[in-house]
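What Swiss-Prot lists as GTP binding site is 19-26, 83-87, 137-140, and the listing cites sequence analysis. Taken from Swiss-Prot, the feature domain 'tr-type G' covers 10-285.
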Amino acid sequence: MPTVLTTDLAKVRNIGIMAHIDAGKTTTTERILYYTGINYKIGEVHEGSATMDWMAQEQERGITITSAATTCHWNGYQINIIDTPGHVDFTVEVERSLRVLDGAVAVFDAVAGVEPQSETVWRQADRYRVPRICFVNKMDRVGAEFHRTVDMIVTRLQAVPLVVQLPWGVESDFRGVIDLVAMRGLYWSGEGKGETYDIVDIPADRLDAAREWRDRLIETLAEHDDEMMELFLEGHEPTVEQLKAAIRRATIANKVTPVLCGSAFKNKGVQPMLDAVVDYLPSPLDIGDVVGYQPGDESVLLHRKPSDDEPFTALAFKIMSDRYLGKLTYLRIYSGRLTAGASLLNATKGKRERIGRVLRMHANKQEDIESAGAGQIVAVVGLKLTTTGDTLCDPDHPIVLESMTFPTPVINVAIEPKTKADQEKLSTAIQRLAEEDPTFQVHTDEETGQTIIAGMGELHLEILVDRMKREFNVEANVGKPQVAYRETIRRKVEGVEYTHKKQTGGAGQFARVVIDLEPGGGADGDTGYQFINKITGGRIPREFIPAVDAGCQEAMQFGVLAGYPMVNVVVTLQDGAYHEVDSSELAFKIAGSMAFKEAARRADPVLLEPIMSVEVRTPEEYMGDVIGDLNSRRGTIQAMDDIAGTRVIRALVPLSEMFGYVGDLRGRTQGRASYSMEFHSYAEVPRNIAEEIIKKARGE
C-alpha cells in the first residue's frame with residue numbers, strides 16, 4: 001500500500017554522512033540503519049555486503065561512489081540519510097549532496113585524525129553553511145587519540161569543537177562514552193550487536209576530567225549563545241534541557257560543532273550519535289525559506305517557505321539509471337506537495353515534465369508513495385529532460401533555485417569501442433553516465449575522430465569505464481590518460497584588424513573587424529571570457545555584433561600554441577566596416593574568428609597546466625626519498641607535519657608528473673605510504689616543457 005510521507009517537518013532530519021575515504025563512514029551508516037530497524041543483519045564493508053555501497057564496483061573497492069538516499073526512523077523522528085563518497089575524484093557527488101542537506105555528521109578516524117579529504121569536504125560544507133556534528137570513530141583501534149583529533153579540528157578545519165562526550169577507555173579498553181551534557185556513563189558490555197547499553201554513574205576515576213570538560217563545554221557555549229551567557233554570568237548551573245537547547249542553537253547557527261565519539265565497527269556509541277542528530281541538527285523549518293529568482297530575471301528574488309501550503313518547488317540533485325525503472329531523478333522538495341502523475345515545470349530549461357511514480361529510497365530497494373511534502377527527499381520516475389541542478393516547480397508559480405557549480409575535468413582519455421556492435425552501446429553508455437555525472441564530459445577530437453572522455457582523476461575515469469563494461473556490456477580500449485592543458489595570453493594587444501572578403505561571381509562576402517585582446521582578471525585556469533562591444537555610429541550593424549562574438553568564442557576552442565582551449569581573455573570590438581549587400585552573419589563570424597587568432601598570436605600566448613595539491617603520509621625512514629621524488633616531479637613542498645609518528649608532506653605538483661605515482665610510491669616505501677590528490681589550480685608551464693608539449697601537439 002503506497003504511503004504518504006510525514007508532514008510534521010520539525011521531526012524530519014535531512015543529513016549527510018561525510019568523511020575521508022577510510023574513516024568508517026559506510027560502516028557508521030550501516031549501524032544507523034541496523035539500530036533504526038531497517039537492516040536485520042549488519043552489513044560489513046570489508047565483507048563487501050554493506051547496504052549503502054550498492055554498485056558492484058563499490059562493493060569490490062570498499063569505497064562509496066554514489067550517494068544513495070535512505071530513510072529511517074529514530075525515536076519518532078524521520079531521518080533521510082544521503083551517503084556521500086569520501087574519495088577526492090568524487091567531489092561532485094559530495095557537492096551535490098551538501099546542496100540539499102540540512103545538516104551533516106562528519107566522521108573522523110581517531111588514529112589518523114583530520115585527513116586531507118575531510119578538509120576538502122569540510123570546506124564544501126562551509127560554503128553551503130551546513131551545520132555539523134563530529135563523530136570520532138575507531139576509538140577501539142591501536143593509536144586512537146580523541147583529544148588529538150579534537151585539536152586537529154581546530155588547527156586544520158578552523159572550527160570550534162564542542163566536546164559533548166569523552167571516551168570511556170581507549171583502544172582495546174574502549175567501553176563506551178561519558179555523556180557531559182547529562183553527566184552519566186554509557187556502557188556497552190560487548191554482548192550481542194550493541195543494541196542495548198547501560199546508563200551508569202560516571203566512574204570515580206573519571207569524574208574530575210568529566211567535570212573539567214563540562215565546565216569547558218558551558219564556557220564555550222556562553223561565548224556563542226546569549227541565553228547561556230546570562231545563566232553563566234548569574235552563576236546558575238544550566239539544566240540538561242537548557243544545555244541541549246543552547247547546543248542546538250549554536251550548532252544551527254554554525255558557531256560550534258558538537259563532538260562525539262565511538263566505534264561503529266565495535267557497535268559502540270552509534271545510538272547517542274543518532275540522539276545528537278535529532279537533538280542538535282536542524283529540521284527543514286530551522287533552515288527557513290529557500291530563495292530563488294524569477295525565470296529570465298535574476299534581479300527578482302522569490303522566497304518559498306518550507307510548507308506544504310506553498311507552491312511546489314524542488315531541486316533535482318542526482319540522476320541515476322536503474323536497470324528496471326530506467327532514469328531515476330532524486331529531488332529535494334523545498335515547498336509544496338508532490339503527487340504521482342503531477343505535471344510540473346522545469347524552470348531551468350523552460351519545459352514541462354510529467355512525474356510517473358514517486359519513490360522512497362532505501363539504499364537499493366524502493367517503496368512507492370502517493371505523495372511527499374516540503375522537506376522530503378524522494379526519487380521520481382518519468383522525467384525526460386531534467387538534469388542535475390535543475391529546478392522543478394508549479395507551472396503557475398515559476399522559480400529558479402541557485403544551481404550547483406561543478407569543477408571542470410582535468411584529465412582526458414581516448415576511448416574506442418572494440419567492435420562495431422560496441423559502437424552504439426558506447427554512445428548510449430556515455431550519454432547515460434554523462435547525465436548522471438556533470439564532471440564527466442565527452443567530446444570528439446576533430447583531427448583524430450576519437451571519442452575523448454574527461455573526468456576528475458584516474459580513479460574517476462577507471463570507474464566510469466568499468467561501469468560501461470558492467471552495466472552496458474561495452475568492450476572498449478582506453479588510451480593513456482592525457483592532461484587537460486589550457487592556453488591563455490600574458491599581454492594586451494590593440495587594434496588587430498582583419499578583413500574577410502570574397503568577391504567572385506554571385507553573392508560576395510565582406511566583413512571588417514578591429515579588436516583589442518587582453519588577459520582577463522580571473523585566476524589562470526578560469527574559463528572566463530568577456531566580450532565588450534564599443535562600436536559606435538553603426539560602423540557594424542547591431543545584428544552582426546553577436547556573430548563577431550560567436551567567431552571569437554569558436555576560435556577560443558583551439559588555441560594558437562597547441563590547439564588547447566583558451567581561457568581568461570577579454571575581447572573588445574573597437575571598429576569595423578560592412579558592405580550593404582555582401583555582409584552577412586557568416587562573414588562577420590569568420591572575421592571575428594580570424595582577428596581573434598591573429599591577436600592571440602601577438603599577445604604572448606602561454607600554455608597552462610593543472611597543478612594538484614598532493615598529501616603524502618609516510619613513515620619517517622622514507623621521508624627523504626619521498627621528498628626527493630616529489631621535487632623531481634617539479635613539485636614544490638608546502639608543509640610538513642608529524643601525526644602519530646607518521647610524516648605528512650603537502651606539496652603542489654603538476655598533474656602531468658603524477659601519472660603512475662601510486663605504483664612508484666608503493667615501490668619506494670614498500671607499500672607503507674599513502675597519498676591523496678586533488679585539483680588546486682592552473683599554472684603556466686615552464687618554457688622548455690611547453691616547447692615539447694607544443695611540438696607533440698603539432699605532430700613535429
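Glycine residues also receive a Cβ, built from the backbone N, Cα and C atoms like all the rest.
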Residues that sit under 8 angstroms from M139 (GTP binding site) by C-beta distance, when 6+ apart in the chain: A110, F146, P167, V170, E171, F174, C261, G262, S263, K268, G269
Confidence summary (mean pLDDT) of the domain 'tr-type G' (10-285): 82
Packing count at A19 (GTP binding site) (other Cβ atoms within 10 Å of its Cβ): 28
